[in-house]
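Some notes on the structure that comes next.
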Amino acid sequence: MMWSNFLMQEEDRRRGASGRARGQHKSGLSPEQEGKIKLVLLLTSVGATLAVLAVGTEFWVELNTFKANGSVVCDAAHLGLWKMCTKRLWQADVPVDRETCGPAELPGEANCTYFKFFTTGENARIFQRTTKKEVNLAAAVIAVLSLAVMVLGCLCVIMVLSKGAEFLLRVGAVCFGLSGLLLLVSLEVFRHSVQALLQRVGPEPPVAPALTYEYSWSLGCGMGAGLVLMLAGICFLLLTLPSWPWSSLCPKQGHRAT
């Protein structure tokens, strides 16, 4: 009698374990779904790398003075969301076909400082021009918010792959799309800050030099990151849709009877 009770308990335990295993397998992702999610996550990693590179570097825009200043040197500057750098370049190093000083990547005497409107609230001065700190602060805050939402989206997708929480895939898709949109909005706000900087010429001497500006590679990375993140969000959102609309659009061809 004791052995029969023991065998019955062992059988019940095995049935419970097999039932839990079937339940976990049913709630998990299929290998095809997991492969698609990992492929889109790889695309997202490209966008995330570009976003971090853009936000962390200071080559968003270059400000260049003209070479025709009666000197052997000329001044240029480049700035981003957090820092600006002024450079004094030898005109002999500047390409002959350029009328302005630059590009900023040329070797020269550099002076880099962080913007003080993040700490003391002071505006920065570049070539006798003053920044508009409210616009610069808005661009930086929106960019940081974009990175935070992007990290939240990555956590959602990791939970989907590790725990099988498929409902988080839709949340991750929204996060990546919103992150890309916020990053593009930050670029547009920064563009307005550059326009405001060029117009805010100080009245005190010396006279502000004539400037030209050109957007640089950091801003290009930001634009690419925003588009890639939005594309990744759309792809994740498509993966959350049921398969029957796609199967009706692309029906499988069966073997024809001969």
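Glycine is treated like the rest: Cβ placed from N, Cα and C.
Under the heading transmembrane segment, TrEMBL lists 39-61 (among others). The list of residues near the transmembrane segment (39-61) in space but at least 6 beyond its ends in sequence, with Cβ under 8 angstroms from a Cβ of it, reads 78-85, 104, 112, 143-144, 146-147, 150, 153-154, 157, 161, 176, 179-180, 183, 190, 194, 213-219, 221-222, 224-229, 231-232, 235-236, 239.
Through the fold, the transmembrane segment (135-161) approaches residues 29, 34, 37-38, 41, 44, 47-48, 51-52, 55, 81-82, 115, 117-118, 168-169, 171-176, 178-180, 182-183, 185-187, 189-190, 192-193, 196, 222, 229, 233, 236 of its own chain, all at least 6 residues removed from its boundaries and within a Cβ separation under 8 Å. Sequence annotations record features per position, and here TrEMBL assigns transmembrane segment to 135-161 (among others).
Per TrEMBL, transmembrane segment is recorded for 167-190 (among others). Residues 37, 44, 47, 51, 54, 60-61, 81, 135-136, 138-140, 142-143, 145-147, 149-150, 152-154, 156-157, 159-160, 219, 222-223, 225-237, 239-240 of the same chain, all 6+ positions outside the transmembrane segment (167-190), place their C-beta atoms under 8 angstroms from a C-beta of that stretch.
Annotated transmembrane segment per TrEMBL: 217-239 (among others), in sequence order.
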